[in-house]
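Take a look at the structure below.
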Amino acid sequence: MSGVIVVGSQWGDEGKGKIVDFFAEHADAVVRYQGGNNAGHTIWHGDTKFELSALPSGIVTKGQLAILGNGVVINPEALLAEIKEVESQGVTVENLIISNRAHVIMPYHIALDKASETASNNRIGTTKKGIGPAYTDKISRVGIRVADLIDPEIFGKLLKEYLPFKNAQLTKLYGEEALDYNEIYDKYVEYGRQLAPYVTDTSYLLGQQMKENKRVVFEGAQGVMLDVDHGTYPFVTSSNPTAGGVMNGAGVGPKQIQDVVGVIKAYTSRVGSGPFPTELFNDTADHIREIGHEYGVVTKRPRRIGWLDAVALRHAVQVSGLTKLAINSLDVLSGLKEVKIATSYTYKGEEIHHFPASDTWFQGLDVNFETLPGWDEDITDVTKFDELPINAQNYLKRISELLEVDLLSFAVGPKPEQTHLLRPVWE
């Protein structure tokens, strides 16, 4: 076994990128297996900060393959722009590899996403980047894949077949303007020409890597609670950020996975609409939001803030089979007199320990908290677990106990040197 999956285990924005970086330091490949450029991740490489949404985190690490798997939906324009941006920061992208089976986000996906969200009375807070419509076309078997994009003849044939229906939706259903075939064709054929050198059968490539016992890191976007099957449906993304998404989104088997690392923050945040049982609407939320810089990488929207939710996290442990835990942003809680962890819910007088499937349950849900003493010390220069204030140590230990998952690391700031390991990343 040579594969490690790094899974966001809340509602995204947990700091997965820097944990991926730890594994990537001694890995041969880093693979993004789902999502699109709707999910931003911030990583540090030396003193350089990278805000990525289309490229895998491993792109900044020399010597590793940075792979976009078949489960990713790709906006060629955004991807090429991000390539140009990282190159301007001194990164070369010859290690980038794109699956020929990945689906392409087309202009009509973005137009339909924007029109649908604007017209809906029940908005789910989409980033309006065409992710959902692209996945819809994939499931409906009317999508355009990267293999099609890099073949102008096939691409033109498919675009000519699909565009009239998409234009009918835009004009007749939403009253929007129709899109022009020639404009799309010319632009996307050029995108295909530029991306073609990076395209291959990534499932075959990964199979060869793992046969040779190479170390491979699988990087999820978003988080478990946004999974289309296991998240707070319908307020979810359109793919599977859970560990199970790797099998379909990268084309590898479960026997090839050694560990599943769940990444969380020491509190909870969420962007967009949907249930959030531990959400705060007070000065504590404002404190955490400002100290933690809780604004979306892509959307720049202020994130919703709440206490850590062990009920939701136990759900993440169950559906992704977490074997290790990486806890980020512990420093953000410094200065609070007390910190809380949700340990169960009460619904209609009954205590429950599972995360509800029905959105209606959350309207009558009470949250049961365990309160622990906080700490005042600045911990951003701490380098070892036993250097933390005893209350911070106890907080981390309690999280591990409640989830029954061993702690891999804790972070006291955003930079790589502020993340500290309690055990080796590769065992």
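Each residue, glycine too, has its Cβ placed from N, Cα and C.
The shown structure was predicted, so the numbers you read here are calculated from the model rather than taken from an experiment.
Annotated active site, proton acceptor per Swiss-Prot: D13, in sequence order. The DSSP secondary structure for D13 (active site, proton acceptor) is coil.
Annotation source Swiss-Prot lists active site, proton donor at H41. Counted within 10 Å of its Cβ, the other Cβ atoms near H41 (active site, proton donor) come to 26, all protein chains included.
Swiss-Prot lists 12-18, 40-42, R303, 329-331, 411-413 with the feature GTP binding site, giving sequence analysis as the kind of evidence. Note: V412 (GTP binding site) has non-local neighbours L330, D331, I379, T380, D381, V382, Q418, H420, i.e. same-chain residues 6+ apart with C-beta under 8 A of its own C-beta.
The local packing around G40 (IMP binding site), expressed as other Cβ atoms within 10 Å of its Cβ over all shown chains, amounts to 19. According to Swiss-Prot, the feature IMP binding site maps to D13, E14, G15, K16, N38, A39, G40, H41, T127, R141, Q222, T237, R301.
What Swiss-Prot lists as Mg(2+) binding site is D13, G40, and the listing cites sequence analysis.
For R301 (IMP binding site), the same-chain residues that are 6 or more apart in sequence and have a Cβ closer than 8 Å to its Cβ are V271, G272, Y295. Here Swiss-Prot flags V297, V298, T299, K300, R301, P302, R303 as substrate binding site, drawing on sequence analysis.
Nearest in space to N38 (IMP binding site), taking C-alpha to C-alpha distance over the binding-site residues G12, G15, K18, T299, P302, is T299. Looking at the residues that bind IMP per the record, D13, E14, G15, K16, N38, A39, G40, H41, T127, R141, Q222, T237, R301, the two CA atoms farthest apart are separated by 34 Å. Least crowded of the binding-site residues (T127, Q222), judged by neighbouring Cβ atoms within 10 Å of its own Cβ: T127.
Here the binding-site residues are N38, T42, T299, and the one with the most other Cβ atoms within 10 Å of its Cβ is N38. Its Cβ taken as reference, G15 (GTP binding site) is surrounded by 21 other Cβ atoms within 10 Å in the chains shown. By neighbour count, meaning other C-beta atoms within 10 Å, the densest spot among the binding-site residues G12, P302 is G12.
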